[in-house]
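Everything below concerns the one structure shown next.
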Amino acid sequence: MDAKARNCLLQHREALEKDIKTSYIMDHMISDGFLTISEEEKVRNEPTQQQRAAMLIKMILKKDNDSYISFYNALLHEGYKDLAALLHDGIPVVSSSSGKDSVSGITSYVRTVLCEGGVPQRPVVFVTRKKLVNAIQQKLSKLKGEPGWVTIHGMAGCGKSVLAAEAVRDHSLLEDCFPGGVHWVSVGKQDKSGLLMKLQNLCTRLDQDESFSQRLPLNIEEAKDRLRILMLRKHPRSLLILDDVWDSWVLKAFDNQCQILLTTRDKSVTDSVMGPKYVVPVESSLGKEKGLEILSLFVNMKKADLPEQAHSIIKECKGSPLVVSLIGALLRDFPNRWEYYLKQLQNKQFKRIRKSSSYDYEALDEAMSISVEMLREDIKYYYTDLSILQKDVKVPTKVLCILWDMETEEVEDILQEFVNKSLLFCDRNGKSFRYYLHDLQVDFLTEKNCSQLQDLHKKIITQFQRYHQPHTLSPDQEDCMYWYNFLAYHMASAKMHKELCALMFSLDWIKAKTELVGPAHLIHEFVEYRHILDEKDCAVCENFQEFLSLNGHLLGRQPFPNIVQLGLCEPETSEVYQQAKLQAKQEVDNGMLYLEWINKKNITNLSRLVVRPHTDAVYHACFSEDGQRIASCGADKTLQVFKAETGEKLLEIKAHEDEVLCCAFSTDDRFIATCSVDKKVKIWNAVTGELVHTYDEHSEQVNCCHFTNSSHHLLLATGSSDCFLKLWDLNQKECRNTMFGHTNSVNHCRFSPDDKLLASCSADGTLKLWDVTSANERKSFNVKQFFLNSEDPQEDMEVIVKCCSWFADGARIMVAAKNKIFLWNIDSCSKVADCRGHLSWVHGVKFSPDGSSFLTSSDDQTIRLWETKKVCKNSAIMLKQEVDVVFQENEVMVLAVDHIRRLQLINGKTGQIDYLTEAQVSCCCLSPHLQYIAFGDENGTIEILELVNNRIFQSRIRHKKTVWHIQFTADEKTLISSSDDSAIQVWNWQLEEYVFLQAHQETVKDFRLLKNSRLLSWSFDGTVKVWNIITGKIEKDFVCHQGTVLSCDISHDATKFSSTSADKTAKIWNVSNGELLHLCAPLSEEGAATHGGWVTDLCFSPDGKMLISAGGYIKWWNVVTGESSQTFYTNGTNLKKIHVSPDFKTYVTVDNLGILYILQTLE
């Protein structure tokens, strides 16, 4: 061994001896050929774990460089990445030709790449299938570093996964084609929630140093985008292996310019994705010779020496590698039972509830039954307990320790017996081993033990309750993730409905689970177990589901928000609010700060009807022309028709072979068109459900369809992922016109009311208008700009416009993106309204024929019916952020400017609004006794309105530029104002006297009146100044920040003042000497500011112990410690000002959406 490698091993010997478990490390080294069986026995004879580790290291020190590399790779594969990192610098340089291990011919480079990428090891007994492996490698090399798909397909249990892993055990293939590495993902049969978890885990693996984001992606679209960036920037030219893919929709999440190798039983799964595609079929059976080779390896005999029964056993096993392995494992333990096992296979007949055309389940039944029967009696019932495991789920040892009430070593001994007999599989990629069953074995167990399943699930819940409280699970416990993901599943399967409801309707559980894995999985569980949760109270279920979904963007951020405070923002009738209020009151007694949003009742739910006709995501819904019926379609491949008034079902049609993406009624209501991922367009009789036409000219999935509004000459338009729109005449068999111009998938199309134009939305971020007669492009709008905001990285943002719908007058159009719906005026490109209420992505929007209502359909499995007037009315009045507030005893009076520049006087407690005057107001203020209001405009003019008689007084001397801030003194005789002209004007409007405060070098950002005729001002020049407003002289001058000072305040005892800046920090200073006391808003690890943006306003509490700040949201700070006491998240962001009552218990602000917040401290 090289001196460098030897010294590295000696240097870290103590750490290695303390930490490693030798058993599985030695398995790897024996497999590599660098440790003998006798050496293993010598290590095992040592009495303690530490002594066994010491003996193993002593042996390695006497060996060569390859042994060092084998030991290093074993550490990596077993999850000791921290220890492997210690040895990394000592790895000896071994050339690729001499670096092959003596057994498998694999170089250390390959072994390291595969270990780091999570590629499974070769099975205990491995038979080469060179022809197939070479075919896969040839297809992979054809990708040539470009995005594309290589598919290995064949029946269940035919060895696809082993072949995929074997194909990448090639030094030159990895070095030439995939230098960025290989990343293995076990996919399996998944729903959307399960897929999100797989994507979250993959993103975490690819971004272990968290250089891109500390927060997990919260939905599949976000995860897809994160994966794209990670693969492009951090792991370029790497290979992604997706093992056991069942559904085509799953691949869409990975369709982002990656090189992908996948295994599947269905070779058509790649039909829905873009790019070059190559297929390698795997024969359904091994063939006699390969089967005999596996048996010979298991029993350690030459193939020619096998008894004649071996040939019959291979025949009975139907050539399945899985079944042959099960029998081979039995024969290894009992080599004299060839005849016995053959008779068992021949004689046992098992009936299955479910048959598969692609797999002979009887052969597996027979082999599994024999293997289970041959288990020792004392461990046989433990295998029955595994019936409760889900497919494709790897279970930590600790979970089974709890289930069986045993120590880790005892459990591992039992599980190793199952592994040795091919009845169970072990994933050794971590310090704690994880165990899983092949999905066919899960089928066998659940069917065989179906009568016991409920009791078995009840058993695991009972055992869990002995060891854990749900909300006290700690992330550092190895079984923690399992319980968070599957506790509800076990409760539902055990029919423990009371316990399930208590769990799901618990704020503590929601906090604990969302803090670890985000809200998506919980939302899925609310949908999955809806029928159970509704038994207790369907309204409560809705409350929690809506709470999770509408706060999803917050529940994935770090630091994790206070979930009790979020709950207090829910409607007062909500169960979430009631639980939050109860917890908050208890915590307030212990000194915790909580806020009540007292005017939230003004925000109402606008949807009129919610129905759930589908069993999966609803992609589209539309009205019949008479408005009496609604048609819908979705991921469950069906077309549904139901009554618009009641939701009563009229038709249910199995419409396509894949997900149905859109449906449309013809103008005369005689036909319904559907289009699908299967690339087909179909026309149905709307009354009988009979199929009338099928069109199949699109080359990719068809995303949208729409009929013309006139029935004189009925046309159908369709849009596809092939970037084309097509026009169809129902009297012709072929397409009439093709329209091209989009550069990405066409998501939606709609004829204008007069049928002269066709509007189309695309994933390229544009809305295009086409001339129907000529098929030429008439107009193109870049819709992306309406959805970008200052916080989004524009270069990485992909804005997909999902759908559109014309208003009857042709002047307005409805557009959906993410979980929001927007109503736009086409001519002015201005937003008329927006609404939210869906819990997930909105796929479709559609006006009713008369425009009085509209439909929206979503991933949350709901269709919502909205009243247009209510939505528009609700959105019509938007407050600007220029407001002033007067606090009088129990009254809160708010003076605000709305979006059309009208002045409103709002009673904060009752919600009553008085409209005062219409003027082009840029800022406004109330006098302390509510006798006057003052307002400034863009011309620099200042006016005062006397509320009693509507008399107006106007300033004789105007500012030179727009007036931005204005305030009365306590006696109401003087008005102070600031403008873009950098001067502050002090106007005694009753005596017509003026004082000008001029010293700032740039625009005055704002000012605050202090006691004793003093005024605090701050500016873009980075300074803070204290003035005497009578003399106009500066008394103190502070240089606080490099850039713009956004806000300031002085504590009531005048000993401290605070400042905030465009550098996203808040500072607290000593007034007397200018010393910096605290930095309250340092940048977090993610690089995003603690306030979610610029800190724009500050205010001290009367006792000087508390500070409130506004920015992206509102935060309360402990002045002594500089730590945050509470955070209130507004619906919008970019708060400009926070108004605080004298007792520091009431707070008022307006966000950038125009929503008014009146908050009160909970007592």
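Residue numbering: from 1, along the chain as shown.
Each Cβ is built from the backbone N, Cα and C atoms, and glycine gets one as well.
In TrEMBL, annotation is done automatically, which means it is predicted and not curated.
The shown structure was predicted, so the numbers you read here are calculated from the model rather than taken from an experiment.
Here is what TrEMBL records for this protein:
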DOMAIN    1-90  domain 'CARD'
REPEAT    611-652  repeat 'WD'
REPEAT    653-694  repeat 'WD'
REPEAT    695-738  repeat 'WD'
REPEAT    739-780  repeat 'WD'
REPEAT    835-867  repeat 'WD'
REPEAT    956-988  repeat 'WD'
REPEAT    997-1037  repeat 'WD'
REPEAT    1038-1079  repeat 'WD'
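If you look at the repeat 'WD' (997-1037), the same-chain residues 6 or more away from its ends with a CB under 8 A from one of its CBs are 964-965, 967, 969-970, 974, 976, 978-986, 1043-1050, 1054, 1057, 1059, 1061, 1071. In the predicted model, the repeat 'WD' (611-652) has a mean pLDDT of 83. Across the repeat 'WD' (956-988), DSSP helix (H, G, I), strand (E, B) and coil residues number 0 helix, 17 strand, 16 coil. Look at the domain 'CARD' (1-90): DSSP puts its residues at 69 helix, 0 strand, 21 coil.
Broken down with DSSP, the repeat 'WD' (1038-1079) shows 0 helix, 23 strand, 19 coil.
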